[in-house]
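Some notes on the structure that comes next.
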Amino acid sequence: MSFIEEFQANIEALPNHLRRKYALLRDLDKSLQGVQTQNEQRCDKEIEDMIQRIKAGNVTPDSSLIKFSDDALDEQKHAIRIADEKVALASQAYDLVDAHIQQLDQYLKKFDEDLRRERDTAVVTGAPATTVENNVKSGRSGEGKGGRKKTRLATAAAATATAATPSGMDLDLPVDPNEPTYCFCNQVSYGEMVACDNPNCKIEWFHYGCVGLKEQPKGKWFCADCAGTQKKRKGK
């Protein structure tokens, strides 16, 4: 099994792993809310009892009141343990996604090294150097102007984690400042993207959702900026 096949097999299992961890987090949330509600009710009752005792002129704590305070303290310790479990689960989810990102970075580094060796070998032997490296760096596909593939899938492993994250839960992952941005939204690569057929397009790649696409366009496709330029040229 090649590295890319192994990575693909691992990344396909990632959403299920994350779903299980988020399901556990939701269960812990419910438990924590139950403990906190019970503890608040207990404390409210204890305070009310103390107020009544003070009003009655009896401020000497009895054994039942002391036990009441101990029970409230135990409930609070239980809540802290649940919160610690939540932190541990969130850290595991983060580490899981981070491991896949590092694995992908290693593959891309190896791929780049292979391309450099191929280019150097071509220079020594006098054979034409491959253009794949330039295509990878520019983000364009290798089929050439007009006939190149128009779509690609994002390579960011964080996109998979985002899809697996339940509503209302924010997985606070760090963003690589060196990762290139695309599209009018100036965001990193994610989901399916389409390439503008203008070779001089400043942006090159666009997210389907940002340009109103749901499937691969047929024939040539130009972004809004380049389409306007094309119309001006035809009008002259």
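Positions of Cβ are set from backbone N, Cα and C atoms, glycine also.
DSSP assigns C185 (Zn(2+) 1 binding site) to coil in the three-state reduction, placing it in neither a helix nor a strand. Annotation source TrEMBL lists Zn(2+) 1 binding site at C183, C185, H207, C210.
What TrEMBL records for C196, C201, C223, C226 is Zn(2+) 2 binding site. Residues within less than 8 Å, Cβ to Cβ, of C223 (Zn(2+) 2 binding site) and separated from it by at least 6 positions along the same chain comprise F184, C196, N198, C201, I203, F206, V211.
If you look up TrEMBL, you'll see 180-229 marked as domain 'PHD-type'.
Using a 10 Å radius centred on the Cβ of Y182 (site 'Histone H3K4me3 binding') and all shown protein chains, the other Cβ atoms total 20. The site 'Histone H3K4me3 binding' annotation in TrEMBL covers Y182 (among others).
Under the three-state DSSP scheme, M193 (site 'Histone H3K4me3 binding') falls in the strand class. Within 10 Å of the C-beta of M193 (site 'Histone H3K4me3 binding') there are 23 other C-beta atoms, taking all protein chains into account. Annotation comment: TrEMBL describes M193 (among others) as site 'Histone H3K4me3 binding'.
Among the features that TrEMBL reports, site 'Histone H3K4me3 binding' is placed at D197 (among others). Around the Cβ of D197 (site 'Histone H3K4me3 binding'), the number of neighbouring Cβ atoms within 10 Å comes to 20.
Annotation source TrEMBL lists site 'Histone H3K4me3 binding' at W205 (among others). In this view, W205 (site 'Histone H3K4me3 binding') is surrounded by 22 other Cβ atoms within 10 Å of its Cβ, with every protein chain counted.
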Nonlocal neighbours by CB distance (under 8 Å) for C183 (Zn(2+) 1 binding site), same chain, sequence gap 6 or more: M193, I203, W205, F206, H207, C210, V211
Spatial neighbours of C226 (Zn(2+) 2 binding site) among the recorded positions Y182, C185, D197 [C-alpha, 10 Å]: D197
Among C185, C196, C201, C210, C226, the most crowded of the binding-site residues [Cβ within 10 Å]: C196
Count of other CB atoms lying within 10 Å of the CB belonging to H207 (Zn(2+) 1 binding site): 20
